[in-house]
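As recorded in TrEMBL:
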| type | residues | note |
| --- | --- | --- |
| TRANSMEM | 70-96 | transmembrane segment |
| TRANSMEM | 102-118 | transmembrane segment |
| TRANSMEM | 139-158 | transmembrane segment |
| TRANSMEM | 178-200 | transmembrane segment |
| TRANSMEM | 207-227 | transmembrane segment |
| TRANSMEM | 239-258 | transmembrane segment |
| TRANSMEM | 279-300 | transmembrane segment |
| TRANSMEM | 333-358 | transmembrane segment |
| TRANSMEM | 370-392 | transmembrane segment |
| TRANSMEM | 398-420 | transmembrane segment |
| TRANSMEM | 441-464 | transmembrane segment |
| TRANSMEM | 476-492 | transmembrane segment |
Amino acid sequence: MSDQLHDEKISVDVEKDCASRTDSRVSVSANAGWLSHPWAAALLRWGVEERGTVPVSYDERRDTQFYKIFFVWFSMNFNILSFSAGTLGPIVFGLGLRDSCLVILFFNIIGCALPAYLNTWGPRTGMRQMIQSRYSFGYFGVILPAVLNLIGLCGFNILNCILGGQALSSVTNNNMTWTVGIVIVALLSLLISFMGYKVLNWYERVAWFPVLIAFLVALGVGGENLYNAPPAAPATSDSILSFASVIAGFVITYAAMASDFTMYYEPTVSSHRVFWYSYLGYIVPIILLECLGAAAVLAAPNVPSWNAGYGTAGNVGGLLEAMLSPVGNFGKFLTVMLSLSVTGNIACSLYSICFNFQVLAPGLSKVPRYVFSIVGTVIAMPLSIVGAHRFYATLTNFLSLIGYWASAYGAILLIEHHYFRKGDFNTYEHADWNVPRRLPWGAAALGAAILSFGLIIPCMNQVWFQGPIGVTTGDIGFEVAFPLAGLLYVPLRKLELKYQKID
């Protein structure tokens, strides 16, 4: 009897895989109109990745260079955006170095676990993150998290473009405007993202090294100044939790793009291995650079050259250039390397932006992936130029806000997978990925996410809004969002399953 059941399971799995491969071939062929153009065929010959949201079949998941997962996330976060996020603790929330570093350490250790875990789903399902989300949010319901994720990814690109432009401008003593620097950074990032998976992975494997040299030199020539931080005022729960909300917003949103970078890997790889490559790729650069950013900005008022470089407008690029100025022209070269460090983050964000655009409407999935890299760049460049001189207000408000929805989103995916699907990846039918009637309605997921904001909003503590709970405790919105959305999803999903009959 057990042998018979085993054979039946294998037969079912083979049928699922065959359906997946057939569906992939049909979906890819839908792009034939685009591929018939000579320029499109030439791009494919040059190695540009064309695949968008079509799942990768079992046979196509053959990448065994799993260490690349670490370098994608490491290089993506080993940049001046992570450095600048750390400066928010002292500058915006009035925290001292010890308190800033403790918040950075503790909340990154917790916050990075969710996106690292979702990385493990890529090899198992062969699906982009937003396609996986259809199995909870439904074919049309996933449009809401896709739109929110698009806003988040474009926001990260804007912040990175501003920082890169600032740093490039500081090398020329501001003879080159921030606008020119922003355009240079954006176009270089577009080139990397446009090429796709292979070029992106190659770039991320090498991009971190010059950045490491730059930060080591900065520590070598200016490290003694980091001990000159002024005495800190006693920290309050309000300031600690509000800074924690910013730190969480920085990392939790990676959950909405996690498997975009792991769907090509061999499906038999250990999930523990993928998790730890991803987790270390997050926490190592983020914690180190955020702590360094907090230390540097606290020391800046006591170092005249650093204070002048940082200025009254919060020029992070100018601060880094001042830290490297003792080594002369080599320091300027290293500042250029630091300015270009953001390209790794922007390129990865542009890569994921493509798939979020493609789930917004059925027809968009037929448009080649790389077209949306251009669209994402066109959106980010002018907004970066407009927001360049309001960087700290933009950064604080943006990072605080995006953590709320991402926390609720992650909880819903986890409950769906572990409670309703019993952790079985075979329940994610490949052939159903673009068939609305074969997917959940999405009412339960949307209902849980939206209803959770009934308590999230009172727990918020932002510059532009203070809820009655948040004004007393500090911002605890993202901490509330995760358990509340998960708890609400269980009864709503049961109700949905009761009334929805899958064909």
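The backbone N, Cα and C atoms fix where each Cβ goes, glycine too.
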Cβ contacts the transmembrane segment (370-392)/the transmembrane segment (139-158), at least three under 8 Å, sequence gap 6 or more: yes
Among the ranges 70-96, 207-227, 279-300, 441-464, the one whose Cβ pairs under 8 Å to the transmembrane segment (102-118) are most numerous: 279-300
The transmembrane segment (333-358) touching the transmembrane segment (139-158) per 3+ Cβ pairs under 8 Å rule: yes
Stretch in 207-227, 279-300, 333-358, 398-420 most in contact with the transmembrane segment (441-464), if contact is a CB pair under 8 A: 398-420
Range from 178-200, 279-300, 333-358, 398-420 with most C-beta pairs under 8 A to the transmembrane segment (239-258): 398-420
Among 178-200, 279-300, 398-420, stretch most in contact with the transmembrane segment (333-358) (C-beta, under 8 angstroms): 178-200
Distal contacts, the transmembrane segment (279-300) - CB-CB under 8 A, six or more residues away: 69-74, 76-79, 82-87, 89-91, 95-97, 100-101, 104-105, 108-109, 112-113, 115-116, 208, 215, 219, 225-230, 247, 250-251, 254, 306-307, 310, 316, 319, 323
